[in-house]
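**Student:** The active site annotation in TrEMBL covers Lys194. The ATP binding site feature in TrEMBL is assigned to Asp37, Gly38, Glu39, Arg96, Gln97. As annotated by TrEMBL, Mg(2+) binding site applies to His131, Asp170. The D-ribose 5-phosphate binding site feature in TrEMBL is assigned to Arg196, Asp220, Asp224, Thr225, Gly226, Gly227, Thr228. Marked as domain 'Ribose-phosphate pyrophosphokinase N-terminal' by TrEMBL: 4-121.
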Amino acid sequence: MPDMKLFAGNATPELAQKVAKRLFIELGDAVVGRFSDGEISVQINENVRGSDVFIIQSTCAPTNDNLMELIVMVDALRRASAGRITAVIPYFGYARQDRRVRSARVPITAKVVADFLSSVGVDRVLTVDLHAEQIQGFFDVPVDNVFGSPVLLDDMKEREFEDVVVVSPDIGGVVRARAIAKLLNDTDLAIIDKRRPQANVSQVMHIIGDVAGRDCIIVDDMIDTGGTLCKAAEALKEHGAKRVFAYATHPVLSGAAAENLRNSVIDEVIVTDSIPLSDELRALDNIKVLTLADMLAETIRRISNEESISAMFQH
């Protein structure tokens, strides 16, 4: 069996350390920095010839820097004769542009990134909760898109909600919300019907389902500015919701997210460490961060040992 090695860029250093600890290995010796003009500088300081190499690097903000770090690291490892290179991308940036709306002159950036990664020699991709599952088909290499929901679900079950309803923030999230509701003792489902006049701006219209006097769990794959989420929480409270909790895998939390959440009626926002939080966000008392380290470590172990990954998610 090839020797497993784990490297990390600068995007998610804490998560990478946790994964390494759970795999009982040390992070690989690599220096990922900048030249004086801002270009990415990578130096691999150990032998990787023939090794099964995994690189942990979310392509979150600063998206372009983190993506280029990953690309340059892959090239360095490929030129150092690594046996197999798996890009572990907990949060896959540029995923929201996954198709071209009819007659619109826009790029499909998810495909651009997929081609970019493939061209430098990535052999496999491991990611969590892609914004659109069809992005897997943009790659010419195997892609393991694992679910973040088991991590979130464990927290939900620990809280022992009595009268709870799972809420989808929009029509598109119904499948995700229904799956969570089924795993929470087949609890009720509600849907928020909203209109989005422009990017990152949405208006909550009305609630489909009974939320009065109940704990509401909003589930989504990511939270961006938090504007949609906060308006959704307000609508739920206006319809008599007792408490509102929001669960999301990816805390993008850009723009005015900190201010939005600080002034929100949401009781608590629960996210994972696929993206590190800023100091301002960490200071908020209504945000809880769960780690993906255990799940990622087990998935990496299974990939390295050629074991089934789908078996991890069979309930």
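Glycine too: its Cβ is placed from the backbone N, Cα and C atoms.
TrEMBL labels come from automatic prediction, so no person has curated them.
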**Student:** Please state how far apart, in Å and to a whole number, the two most distant Cα atoms are among Asp37, Gly38, Glu39, Arg96, Gln97, the recorded ATP-binding residues.
**Tutor:** 30
**Student:** Here the recorded positions are Arg96, His131, Lys194; which one has the lowest number of other Cβ atoms no more than 10 Å from its Cβ?
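**Tutor:** Arg96, out of the recorded positions Arg96, His131, Lys194, has the fewest neighbouring Cβ atoms within 10 Å.
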**Student:** Between Gly38, Gly226, Gly227, which of the binding-site residues has its C-beta surrounded by the fewest other C-beta atoms within 10 Å?
**Tutor:** Gly38
**Student:** When you put Arg96 (ATP binding site) at the centre and draw a 10 Å sphere around its Cα, which of the recorded positions His131, Lys194, Asp220, Gly226, Gly227 have their Cα inside it?
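**Tutor:** Those close enough are His131.
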**Student:** Could you find out if DSSP has Lys194 (active site) as helix, strand or coil?
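**Tutor:** The three-state answer is strand.
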**Student:** How big is the gap, in Å, between the Cα of Asp220 (D-ribose 5-phosphate binding site) and that of Glu39 (ATP binding site), rounded to a whole number?
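**Tutor:** So the Cα of Glu39 (ATP binding site) lies 35 Å away from that of Asp220 (D-ribose 5-phosphate binding site).
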**Student:** Let's see if you can do this one: DSSP helix, strand and coil counts over the domain 'Ribose-phosphate pyrophosphokinase N-terminal' (4-121), in that order.
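**Tutor:** In the domain 'Ribose-phosphate pyrophosphokinase N-terminal' (4-121), the DSSP-based counts are 39 helix, 29 strand, 50 coil.
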**Student:** Using the alpha carbons only, what distance in Å do you get between Thr228 (D-ribose 5-phosphate binding site) and the residue listed as 'active site' once rounded?
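**Tutor:** Roughly 9 Å, rounded to the nearest whole number.
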**Student:** Reduce the DSSP letter at Asp170 (Mg(2+) binding site) to three states and note it down.
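**Tutor:** DSSP call for Asp170 (Mg(2+) binding site): coil, neither helix nor strand.
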**Student:** Tell me the Cβ neighbour count for Gln97 (ATP binding site), meaning other Cβ atoms within 10 Å of its Cβ, over all protein chains shown.
**Tutor:** 16
**Student:** Of the binding-site residues Asp37, Glu39, Gln97, which sits closest to Gly226 (D-ribose 5-phosphate binding site) by Cα distance?
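**Tutor:** Checked the binding-site residues Asp37, Glu39, Gln97; minimum Cα distance to Gly226 (D-ribose 5-phosphate binding site) goes to Gln97.
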